[in-house]
């Protein structure tokens with residue numbers, strides 16, 4: 001009874017905070033003209049800027065190619081979805097208020113999906129702990145509802161708020177990624193496939209998420225290493241007659257044991273992926289038919305991302321480098337920089353294959369660190385997802401340092417930009433220094449979170465080993 | 001900050017060097033922080049010694065390479081203007097617009113393009129939101145009364161060899177309602193140069209002469225002109241005001257000229273503001289240079305160098321920059337200077353190569369100049385109309401020439417006009433040679449004398465040393481607060497299998513979140529406090545003292561409300577946990593916040609950060625709960641208590657301000673209203689110092705006081 005009341009209280013607490021975040025967003029949207037966030041290079045990149053999208057829409061309306069000039073580089077589907085909204089003005093309200101409201105809704109929906117995913121992950125986690133007989137630990141995991149925490153971290157993260165209010169399309173991109181992860185977690189193949197295809201279509205980099213998604217669909221959500229289960233099973237089979245309870249438990253848990261790779265959802269997923277892919281391509285093809293066709297589209301969107309044509313300053317490290325590099329080395333370094341992301345995929349996939357969702361998180365951090373036009377919206381996504389692992393990463397190192405670093409860099413970056421662009425007393429190095437500090441912070445975050453996760457696995461193994469020994473004696 | 005945490009893990013394994021270095025720093029943080037702080041203060045005192053001589057960095061400038069062409073012919077023409085202006089002033093019924101018309105007449109006689117610019121004075125307003133954006137045309141224009149307007153007269157010479165893309169600006173502010181002799185003379189100097197420049201063949205940049213109507217303040221006039229120059233109003237506001245205020249003006253020549261539109265030349269390479277003040281108490285003509293613009297921005301050092309070079313080596317004027325006069329008679333500074341001088345002699349006798357000693361008098365003078373340089377940069381208020389140019393990235397300085405000229409001494413006046421004119425001519429000729437905008441020399445520097453400067457690389461050392469102790473102490477406090485948990489050590493010795501104890505550990509590394517929440521709440525409160533004066537100003541008939549009192553009361557009230565709303569869960573959560581180390585975590589987070597804030601401020605306005613660090617760093621480092629100190633009855637602890645109380649007293653912004661004011665200007669007649677007035681001035685100029693006081697200094701002070709009074 002008491003527990004129920006407490007959970008109800010928690011529920012209302014969650015909803016209060018959610019409504020609070022929406023209210024804050026709406027207030028900020030109302031003052032968006034004063035805040036002038038849309039012109040910040042940290043928030044709106046050439047790919048996510050709504051101003052560029054409006055320009056593309058205008059070009060399209062005057063029956064020119066939306067990719068004419070070098071203004072718009074996003075998806076044609078987004079153009080036809082958000083474009084009409086950018087053209088609509090309400091008297092007395094800030095410009096683009098309808099788009100801002102769409103972004104607010106996208107954020108809220110993302111948060112809800114994160115919460116649902118978190119619950120799913122938490123159930124899987126406590127189930128596997130129960131199976132390993134580490135019930136005390138699993139009791140503790142009920143104390144921290146990781147889904148709620150992650151959703152609130154996502155909603156109240158200043159980065160998310162700023163990206164949402166600052167008229168960038170990253171809330172929509174993040175929603176697509178979260179949708180795909182949710183679908184994979186729940187093993188809903190069509191949804192997962194849709195999310196993945198949309199995310200890839202919108203921002204290309206989520207293409208690498210196909211590996212964790214296949215693992216998720218095949219193995220199910222994150223669990224401790226498979227070896228533990230095998231060990232446990234072996235021990236239990238060894239002394240089944242002595243313990244009746246174990247047998248029972250085994251019988252209950254047996255069908256859910258996650259160490260078999262089931263191909264069925266994966267095949268489903270691949271089927272649906274191809275279906276959605278064809279669908280999206282056809283839609284795109286129709287919408288850009290008279291402007292040079294699909295090839296032109298790919299060149300103007302993905303080509304623009306991969307060849308780093310726009311060297312205007314942003315939070316990433318690529319613009320500075322490619323502004324400096326000689327033209328004849330350019331192609332080589334383009335390959336090196338993008339290869340950087342690809343190099344890390346396989347080793348990480350092997351090491352973290354038992355935790356596919358965490359693997360997806362790591363991939364997202366790495367790609368948002370090394371992508372060509374990063375923005376705070378990308379950081380918002382991975383910081384939100386970080387909250388999902390609050391139980392596993394509870395003793396992560398350098399948490400305070402990272403916190404201070406993120407605050408410091410996000411305050412210093414606009415100041416350095418002001419010093420360089422408006423006051424003229426600084427130069428590009430000032431701003432790039434903050435970009436490098438930011439990249440370093442992200443590296444530390446990845447390294448520390450992965451090592452904390454592996455430590456957590458180690459701890460579980462140690463605990464279960466002592467359990468097994470206790471059981472034997 | 002977190003380096004320490006590796007300590008807990010596997011002590012037998014050989015650690016990486018960087019971790020060992022971090023551990024070393026943390027374990028010796030007390031000693032190191034004391035050393036760093038003292039070194040920081042000492043370096044600050046040594047700065048006048050480290051100043052380098054200025055040099056002209058841009059080769060293209062070539063100051064003084066050509067002979068001045070200004071002759072007595074131009075001077076006599078200028079004399080005519082001066083006489084006409086002073087006569088105009090003597091006439092009782094002269095209308096306001098008469099002098100502008102006269103000057104315009106003189107200008108157009110020279111063949112320059114003349115235009116007028118009408119502007120409406122507007123009060124300075126504080127826009128915290130506009131701090132990081134460009135100067136904005138959409139600034140709120142309120143309270144414009146049509147009857148009060150100023151009229152700037154602008155004359156432009158098109159360069160025979162230029163393409164009209166670049167320009168040099170001369171500004172002479174004068175009060176159109178009452179023209180003093182000094183103002184007339186400054187107009188005379190500018191006019192003599194202007195008339196010369198219409199004839200020369202070497203001019204490659206257009207010359208703009210702005211005769212700013214300083215009826216409503218010099219800055220406002222120049223700022224209004226610049227805003228119109230850079231941010232043209234195509235429709236809407238401009239016509240709206242024209243219509244609004246139509247009917248008040250007679251249809252005169254000026255009116256027709258105004259309709260001709262606003263005349264422009266190219267981008268500005270540099271701007272010179274010329275002022276003449278009459279100081280009869282001085283024996284020789286001297287030149288004061290004012291350079292500080294808003295938020296401690298300075299013009300390129302090369303501009304000051306040219307003026308300095310030409311004035312000293314060509315025209316024989318004495319150059320002055322602002323000094324803190326009260327420091328000149330300081331006993332201890334004199335003693336310090338003498339010690340340093342003798343040290344310099346000693347070093348020289350040991351090795352003739354070492355030359356770092358400067359005479360004690362020079363040292364004191366340098367310190368006084370440096371102090372005033374720091375003070376004016378820290379205030380963030382421009383020291384003259386040149387400040388308006390800096391907002392548009394134009395390098396500008398104010399030249400204030402003081403003379404002993406009286407109107408009846410004709411010869412002396414001619415000589416004065418000749419020298420001033422030649423100086424301006426030389427500077428313009430140098431700037432005219434520029435191929436690009438000023439970029440060679442320094443933008444970030446402090447002056448210790450007109451010909452000595454400290455670059456950013458040198459003065460940053462003092463600040464860095466002062467601030468370096470903050471992250472070290474924060475890390476060590478954090479590490480201790482985490483490692484000294486009693487449950488932790490038990491855990492290691494007992495059997496590690498018990499999951500309940502594991503729970504304690506796992507939450508340990510996120511315990512700082514509560515402290516961070518508290519710090520965040522207090523910083524939010526700082527933002528609220530910053531916004532309060534905006535509302536208090538709306539109250540009519542408020543004396544500064546009552547405003548200040550209202551402000552303080554409202555601040556305390558809002559602090560209580562914030563703690564009631566947001567802060568209460570803090571106590572609730574922590575009641576179950578041991579509070580022993582809670583203050584250490586809080587102090588650690590406070591110090592980190594102070595560190596981030598100071599570093600941020602040092603980028604925005606170095607001088608503010610330096611002065612703030614001097615006040616804040618010792619306070620943050622010393623803060624220790626009184627209760628713990630009083631319990632153990634030792635002399636050392638009591639001295640710490642005394643230190644804490646003293647630093648806490650001096651760290652409070654109003655008391656710090658009043659104490660400093662008292663020290664420099666004498667304690668009589670000081671009241672809290674001074675602080676309010678001072679704050680209002682930096683608030684009106686939207687100085688970043690105001691943001692610093694509210695968002696960084698005050699919250700850190702509150703948190704330090706909280707740590708000192710912590711019930712542990």
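Placed from the backbone N, Cα and C atoms, the Cβ positions cover glycine too.
According to TrEMBL:
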TRANSMEM  B:21-51  transmembrane segment
TRANSMEM  B:456-479  transmembrane segment
TRANSMEM  B:519-536  transmembrane segment
TRANSMEM  B:548-572  transmembrane segment
TRANSMEM  B:584-605  transmembrane segment
TRANSMEM  B:611-630  transmembrane segment
TRANSMEM  B:642-664  transmembrane segment
TRANSMEM  B:684-709  transmembrane segment
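The stretch in closest packing with the transmembrane segment (B:21-51), judged by the count of Cβ pairs under 8 Å and taken from B:456-479, B:611-630, B:642-664, is B:456-479.
A contact links the transmembrane segment (B:684-709) to the transmembrane segment (B:584-605), because at least 3 Cβ pairs that are 6 or more residues apart lie under 8 A. Counted over residue pairs 6 or more apart, the CB atoms of the transmembrane segment (B:456-479) and the transmembrane segment (B:611-630) come under 8 Å in at least three pairs, which marks the two as touching. Away from its own ends, the transmembrane segment (B:519-536) comes close to residues 126, 128, 542, 547, 550-551, 554-555, 558-559, 562-563, 566-567, 586, 589-590, 593, 679-680, 683, 690-691, 694-696, 698-699, 702-703 of its chain (Cβ-Cβ under 8 Å, at least six residues beyond either end).
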